[in-house]
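According to TrEMBL, the features are:
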- 38-115: region 'Disordered' (REGION)
- 46-55: compositional bias 'Basic and acidic residues' (COMPBIAS)
- 66-75: compositional bias 'Low complexity' (COMPBIAS)
- 102-114: compositional bias 'Polar residues' (COMPBIAS)
- 218-252: repeat 'PPR' (REPEAT)
- 253-287: repeat 'PPR' (REPEAT)
- 288-322: repeat 'PPR' (REPEAT)
- 323-357: repeat 'PPR' (REPEAT)
- 358-392: repeat 'PPR' (REPEAT)
- 393-423: repeat 'PPR' (REPEAT)
- 429-463: repeat 'PPR' (REPEAT)
- 464-498: repeat 'PPR' (REPEAT)
- 612-695: domain 'Smr' (DOMAIN)
Amino acid sequence: MARTVPAAVDLRCPLSNPLDPKNRNCLTARRRFFVLCNSPESPPRVSDRSSDPRRKNSSLSEQLKPLSTSTLSTPRTAEAHALKSKPKSTWVNPARPKRSVLNPNRQARSQHSYNPRMRELRLFAQKLNEGEFSESSFLSVLEEIPHPPTRENALLILNSLKSWQKAHLFFNWVKTQNSFPMETIFYNVTMKSLRFGRQFQLIEELANEMIRDEIELDNITYSTIITCAKRCYLFDKAVEWFERMYKTGLMPDEVTYSAILDVYAKLGKVEEVLSLYERARASGWKPDPVAFSVLAKMFGEAGDYDGIRYVLEEMRALGVKPNVVVYNTLLEAMGKAGKPGLARSLFEEMVESGLSPNEKTLTALIKIYGKARWSRDALELWERMRFNGWPTDFILYNTLLSMCADLGLVEEAERLFEDMKQSENAQPDSWSYTAMLNIHGSDGNSDRAMELFEEMPQFGVELNVMGCTCLIQCLGKAGRVDDLVRVFDASVNRGVQPDDRLCGCLLSVASVCEDQDDFLKVLGCLNRANSKLVNFVKLLQDESVNFEKVTEEFKIVISETTVEARRPFCNCLIDICRNQNLHERAHELLYLGSVYGLYPGLHNKTADEWSLDVRSLSVGAAQTALEEWMRTLSRIVKREEVLPQLFSAQTGTGTHKFSQGLANAFASHVSKLAAPFRQSEERAGMFIAKREDLVLWVQSQDPPAVTA
């Protein structure tokens, strides 16, 4: 009697329950072997930095060369066996072949016989397709059918109907004629039309009708049901019908199998996807590019770089050449896994293989370069696009403009913007102008920003709330408060609905207004957007209001603010208090912000070092945090408690060329307090003080520089 060693490839057990713990033991012996090959004992991985100029244009296959020696189909080594529990032996009857988990061949389409009345029927179908749909008018036209609804006539008309409503109504009408017995093909054609309209409930009703009337459900039927459920995001339904398919004994073909792999991937069931994939591979299935695209997308969503490499090696081992769609998916996966260097190599491999990138390819790569701040590579790619005449669209242009905004590339952005204006298929839209307003707003070029604002109505482009926010921030920095009010009024009149980000922008402008009239003008705009926030600002200015009242109102304002805007609101409120010489109010707000979790990680303590991290704070909030910290340290020193050897404060440096100098403002305040912190020579944005210096500083403060 023969025995098989790995239970993972026991193909006789059904896949109706992939979640069965027994099936989970089969988790990809080949992938384990792949991961083993990338363990610390294996040859080192390729560096993602691609700093070596010889590697810059090398193909991905060359960079992955150490893996090519360990083909995934190679028998497992003893080390690989050690990665999983000892498999159970499974008895196999040598007289009966193993059951496959899928049909390796796609079901052939039904052949249509020649119909001599085709021309008349097509003209009649064209008449049915014309005009708006109404059941009464459609049925009245059906009475004019030129020939009796035979099987061939009905099938030809059903295939010609474009609207899912008309196809469904015609199908029901044919059934009432009782001219011939209904067959699977009629249900399949109707279901495909319903799938186009995302009518899963109707499709499921037809499927249940087929079961009731004992009409065969074939692979095309199940494939249509599963893919429609997937398009309607009814993933549980897709799994349910896939399991019902197995219970009938019908083996899925490659299209159905790829669809269900995608469903499990969208459900985040990585182990189940790999289990299904491995079992199908063991039964002789050769995955197509669609299946590999599903795997790549799944690993990309999880940021699993080893999984992405596994997909690449599988494709290479099976001799499957990626198409443009697969390359696009792999590039997006590389971006989510944070591998810009390998994404660049993959793109070069794609071009060298003779494939031409499309708009999605280039957009994905530009996003990766922008996220990695590889501006030179992104601009070089742009020049190649123009030279080679690769296709572009407004999404690609907007992605490039967003990258320029993130990196502060003003001149490059202006050239791109002019190219868009000259383009026939990529005219600037509201997001294009938003990116330009963001760029010039960060650059402080308020004149150019206003030119863009005045230009938008001439080209029929509407200003969105993000563009309005960028422009108001720019005018606020330039001190052009009157223009700011005019822009805000015009934006609201054009239909812009202020959100918390725009309110935070107005609050930020108010926090730096030195003139009281300007301050009130900005608050007037803010009052139209968020009156409760303005009332709270006025409450903070009233020194007779006690801390309990401030706490109560602060809680109301913050609870009604979106999560991502809460900390900026608190920062700006602290800045307003400091600008109005309400320093104790600023300290109260910092305390409340800490209580409500707006400043996590502000203080960190170890046995050797106490640190203050103000990178997420505004200038005024950082100054307040420093004062509060020094107060606390002064009390600890005076109580002669145990102190660490080192104290540090971290402000960060910012990577944007327009980033504000929090470190400089912090250094100025440290100097004002005469605190014993000095900037670190090794790390920019880091201030350090030794225990002995801090103790001497506290003892020398008479009166103390920071109120205890």
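These residue numbers are counts, starting from 1, taken along the chain as shown.
From the backbone N, Cα and C atoms, a Cβ is placed for every residue, glycine too.
The stretches the repeat 'PPR' (393-423) and the repeat 'PPR' (323-357) are not in mutual contact, being linked by fewer than three Cβ pairs under 8 Å (pairs 6 or more apart in sequence). Under DSSP, the residues of the repeat 'PPR' (464-498) split into helix, strand and coil as follows: 27 helix, 0 strand, 8 coil. With DSSP states grouped into helix (H, G, I), strand (E, B) and coil, the repeat 'PPR' (218-252) comes out at 26 helix, 0 strand, 9 coil. Averaged across the repeat 'PPR' (358-392), pLDDT for the predicted model comes to 87.
Counting residues of the repeat 'PPR' (358-392) by DSSP class, helix then strand then coil, yields 28 helix, 0 strand, 7 coil.
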